[in-house]
Amino acid sequence: MDRTNTPYGNHQFGIYSAGLKGELPILPLRYEDLEARAREVLDPAAYWYVAGGAGEASMAANRHSFDRYPLFPRMLTDVSERDLSTTVLGKKHATPLMLAPLGVQEILHPDAELAVARAAADVGVPMTLSTVSSYPMEQVKSELGDTTGWYQLYWPNDDELATSLVQRAEKAGYEAIVITLDTKMLAWRERDLEGAYLPFLQGKGLANYTSDPVFCAGLDKAPDEDVVATVKHWSQVYASPERSWSDLAKLRAATNLPLILKGVLHPEDALAARRAGMDGVIVSNHGGRQVDGSIAAIDALAGVVDAVGDHMSVLFDSGIRRGADVLKAVALGADAVLVGRPFAWGLACAGEQGVAEVLRRLLADIDLTLALTGHDRIDRLTRAALASTRY
Ligand SMILES: Cc1cc2nc3c(=O)[nH]c(=O)nc-3n(C[C@H](O)[C@H](O)[C@H](O)COP(=O)(O)O)c2cc1C
Ligand SMILES: CC(C)CC(=O)C(=O)O
């Protein structure tokens, strides 16, 4: 760990500052500028698929609701050494940052999840791999090496396929299954509808299916011999809108891995997750991509933490853009946060290096903000670190 002293602190991430080494940054630093750079290099439909939401009010609310929780800096505390480590599912993580599952990354870069896994391993940030990824889960895990990987399940309507995907993930070395609940059908997303764009319909993002024996058993020909039939079969099995809480028992029985529900916003749903024997929840509104007009994710966090935080891991995503956002979520009770679109833009602009760059910057900003608000251990943050009276 490089602990050279600099005006940005004596910590492992602050030294990142390329400016101090006389180098210009390889990517724009401000989120909006990074997104604009990615827009220049991407096909417009792909750009809008990532940038867009359902409507876009909740996407905006995800950002401006962070303003309701101002940090309340304290002075003259010893912050010469900082510790960003946190515990998730009983395991120590070096930092509270994780990569959110983002599907179909081949629309951003040909190396897609392989590049992201290499960057995650390089920086030491755990990765969550989407079911709708562009490379099979086994290949992605081998790029991740010993770095923690979680597998995100889009829960298909075929129990045998669900079991197969989950057991493959366990065998490949993923450490938890994230079951995404908020995407049992795609929302009304004007940007994609206007461009008549859904990458899966072109056969993209289906690698975990086309490498699965149960999925392939439902096809007459090999997946690449009849892409139209493969896509049709995928669209028939992808989701299961009829499922209810009691169905979770089947997934519980299918694997020994911890199960985490993603997309929980209401405290009653968090309590139901606990009753169903789940190990964690991710408070998320899917980055504003599903229910426009829904509660901003950060506004839902405290309620979920108060309901189940003593009994299960609570994570957060939707709107994380900078260090202060991470501190606010942790202060409200999240054990860790997942970052989404920022790393997508890094991937689009500069592949593996771009993702690593985005992660390092975010870690540097988290570390500096922790110090400058007067704290030395992120896992000791409480709501007292905030000036808000909203929780
Ligand atoms: C392009 C894109 C694809 C996504 N794909 C998935 C997915 O496959 N599975 C999933 O659970 N969530 C998916 N999400 C949601 C993210 O995991 C996460 O909840 C969201 O990006 C957080 O919002 P933010 O990007 O604004 O921070 C996707 C989000 C984006 C932007
Ligand atoms: C609905 C999925 C197939 C992908 C996804 O999660 C998304 O586009 O937000």
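Just so you know, glycine gets a Cβ as well, placed from its N, Cα and C.
R189 is the only one of R82, R189, R252, R322 that TrEMBL places in the glyoxylate site (with Y49, Y154, H286, R289). For G103 (FMN binding site) paired with R189 (glyoxylate binding site), the C-alpha to C-alpha distance reads 16 Å.
Closeness to ligand 2 is met by G103, R289, these being the binding-site residues among G103, Q152, K262, R289 whose Cβ falls under 6 Å from the molecule. Sequence-distant neighbours of Y49 (glyoxylate binding site): residues of the same chain at least 6 apart with a C-beta under 8 Å from its C-beta are V104, I107, R191, D192, Y197, L198, P199.
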